[in-house]
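Swiss-Prot has this to say about the protein:
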| type | residues | note |
| --- | --- | --- |
| ACT_SITE | Asp307 | active site, 4-aspartylphosphate intermediate |
| BINDING | Asp344, Glu348, Phe377, Thr378, Ala379, Gln380, Ser381, Arg382, Met383, Ser384, Lys395 | ATP binding site |
| BINDING | Asp518, Asp522 | Mg(2+) binding site |
| MOD_RES | Ser162 | phosphoserine |
| TOPO_DOM | 1-33 | topological domain 'Cytoplasmic' |
| TOPO_DOM | 56-61 | topological domain 'Periplasmic' |
| TOPO_DOM | 81-222 | topological domain 'Cytoplasmic' |
| TOPO_DOM | 243-251 | topological domain 'Periplasmic' |
| TOPO_DOM | 264-574 | topological domain 'Cytoplasmic' |
| TOPO_DOM | 596-612 | topological domain 'Periplasmic' |
| TOPO_DOM | 632-653 | topological domain 'Cytoplasmic' |
| TOPO_DOM | 679-682 | topological domain 'Periplasmic' |
| TRANSMEM | 34-55 | transmembrane segment |
| TRANSMEM | 62-80 | transmembrane segment |
| TRANSMEM | 223-242 | transmembrane segment |
| TRANSMEM | 252-263 | transmembrane segment |
| TRANSMEM | 575-595 | transmembrane segment |
| TRANSMEM | 613-631 | transmembrane segment |
| TRANSMEM | 654-678 | transmembrane segment |
Amino acid sequence: MSRKQLALFEPTLVVQALKEAVKKLNPQAQWRNPVMFIVWIGSLLTTCISIAMASGAMPGNALFSAAISGWLWITVLFANFAEALAEGRSKAQANSLKGVKKTAFARKLREPKYGAAADKVPADQLRKGDIVLVEAGDIIPCDGEVIEGGASVDESAITGESAPVIRESGGDFASVTGGTRILSDWLVIECSVNPGETFLDRMIAMVEGAQRRKTPNEIALTILLIALTIVFLLATATLWPFSAWGGNAVSVTVLVALLVCLIPTTIGGLLSAIGVAGMSRMLGANVIATSGRAVEAAGDVDVLLLDKTGTITLGNRQASEFIPAQGVDEKTLADAAQLASLADETPEGRSIVILAKQRFNLRERDVQSLHATFVPFTAQSRMSGINIDNRMIRKGSVDAIRRHVEANGGHFPTDVDQKVDQVARQGATPLVVVEGSRVLGVIALKDIVKGGIKERFAQLRKMGIKTVMITGDNRLTAAAIAAEAGVDDFLAEATPEAKLALIRQYQAEGRLVAMTGDGTNDAPALAQADVAVAMNSGTQAAKEAGNMVDLDSNPTKLIEVVHIGKQMLMTRGSLTTFSIANDVAKYFAIIPAAFAATYPQLNALNIMCLHSPDSAILSAVIFNALIIVFLIPLALKGVSYKPLTASAMLRRNLWIYGLGGLLVPFIGIKVIDLLLTVCGLV
């Protein structure tokens, strides 16, 4: 659920944007946009000419020249207004985040445990590694990891989602964000950042976008626009000697008007606004992008790597069955599985403990009282377990346990292989339990594929995007779930190294890869991916490696991220097509008007039957300014997007924005010409 959306033309934002538009008239600000800088120079030049004409220092129609000059300044102001309005919307979103930051005190613990003595210190003095206690009603003072306890947390100030979430030590839900509120119970938190480096601080800095850099495609388009501007500038400059040689030299004011109408001012004036609005729309989806480059890359993505758990399935795998090996009692298997899971804080581990209680009334035992050593799960070993007395119990993936058994001189039973295959073919995940070198049996973990996910993958396939499911399950389980979900491919028994290798393989083929992640083990792959969406509930390492953060911690959001990225690219392309098509119509308005006196044959091009040369030129300049304002909503909201193939989208946009770009100026210029004539202004 997103926070409240701003109205497109919020009155306070419009007023502020108008002020900023005037401030941006300074040369330093204009220089950043070469196309509009040419318009700015033309405005300055025609203003000087108008003043000279009015004072009698130059011959000519001072009123006409002043009208042209005024509308050129308005053109620059409208372009500035579009950019300022987009920036203002982003800053307003940043200000809403700043409201989350509150001056508060924290209870800094002297020892890293609940009940230890605490000192009351200002929250902004907490450093990385400090341990704090937060209880019901408290604001979490820093970003960190829960090391003890569990609590219900209200994260609506950050995510906009009203439903509270559970944060607890261990597992995937241990990360907390400063500025959120504890609703119940208590947490002991280890701060993971220093002051000024919190997630909220980085969010605000990213959203404000003060250092927004142009993306590669934006730079390429700017170079194209500069090239077109130079071509039209040279062409316009050569027209004066031609007209002078014909005996009726065209005025500098008319030449400036011609140049401004021919260069791509529409897209030139809206280009920055489109980029800023793309990042703003991403925030509207509760995704923070670190740069416009990340948003743009999302639009070019053609491979999606999707974690099975939480993205394709509901992500709440639960132990559903104990399947003992031949010669092993089911209760013996359940007892060993529970012992191996006593210190396992993952949902799967806890479900194993609960299932053993339910089936055989095996009460949970304390690891410390048993004088046992817990062996945590790692991405490399893909096992966890416990060492107690002379017993060494492990649970983990089939391959990991097989290697463990063989390394200890044992043999992996064929009947267990059959049981593993049976569980996997049912779409469940098999975990194998072993004591020493003796395999005790299999635990079945069951998950459910999300409703409607198959249809979404079909849409992505239609857009030319390949979907790849990433899972730690064995190949049989992965194949069953992949077939049910409708993904194009899958990577089974995935390790961090395998994910990284797969991304590099696709990139070597010239593809752009997007993925999501939330764990420290995802960080290398997130850093390598072109679009890397880290979950807000994930670890600090994952957030730092990604170039986007999903505040809702919803892995399925990756599909929406791609949608927004493609919409931004389509908006830029559509308005570029519209802008260039505009020039053709303006050519038919100004060229006959400017040169008909010198070359009467050009009257044949006056297909719009405009009233007079002056009205034709002024109408084209007015239209050139007004079209920027009319297109601001489209630049900010983005063009309508549908999941189509690239060729189908190109045809659609050429018809709508190419043909529209030709017809709209003909109609608009003719209407303005009629109004000027009826009102006696020309």
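A Cβ is built for glycine as well, from the same backbone N, Cα and C atoms used for every other residue.
Feature map: Swiss-Prot annotations on the structure.
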| residue | record | Cβ contacts under 8 Å, 6 or more apart |
| --- | --- | --- |
| Asp307 | active site, 4-aspartylphosphate intermediate | Met469, Ile470, Thr471, Thr516, Gly517, Pro555 |
| Asp344 | ATP binding site | Gly170, Arg350, Ile352, Val353, Phe374, Phe377, Ser384 |
| Ser381 | ATP binding site | Gly396, Ala400 |
| Met383 | ATP binding site | Val375, Phe377, Arg394, Lys395, Gly396, Ser397, Ala400, Ile401, His404 |
| Asp522 | Mg(2+) binding site | Pro496, Lys499, Met515, Ala534, Gly538, Ala542, Ala545 |
Can you name the far-off residues of the same chain, 6+ from the ends of the transmembrane segment (654-678), with a Cβ under 8 Å from a Cβ of it? 574-575, 577-582, 584-586, 588-589, 608, 610-611, 615-616, 618-620, 622-623, 626-627
Quick check for me: are there 3+ Cβ pairs below 8 Å between the transmembrane segment (62-80) and the transmembrane segment (575-595), leaving out pairs under 6 residues apart? no
Reduced DSSP assignment, Asp522 (Mg(2+) binding site): helix
Look up Ser381 (ATP binding site) in the DSSP assignment and reduce it to helix, strand or coil. coil
Cβ-Cβ under 8 Å with the topological domain 'Cytoplasmic' (632-653): same-chain residues at least 6 beyond its ends: 8, 81-82, 85-86, 89, 270, 273-274, 277-278, 280-281, 459-460, 462-464, 563-564, 566-568, 570-571, 573-575, 577
What does DSSP call Asp344 (ATP binding site) in the simple three-state scheme? coil
Three-class DSSP assignment, Asp307 (active site, 4-aspartylphosphate intermediate), comes back as strand
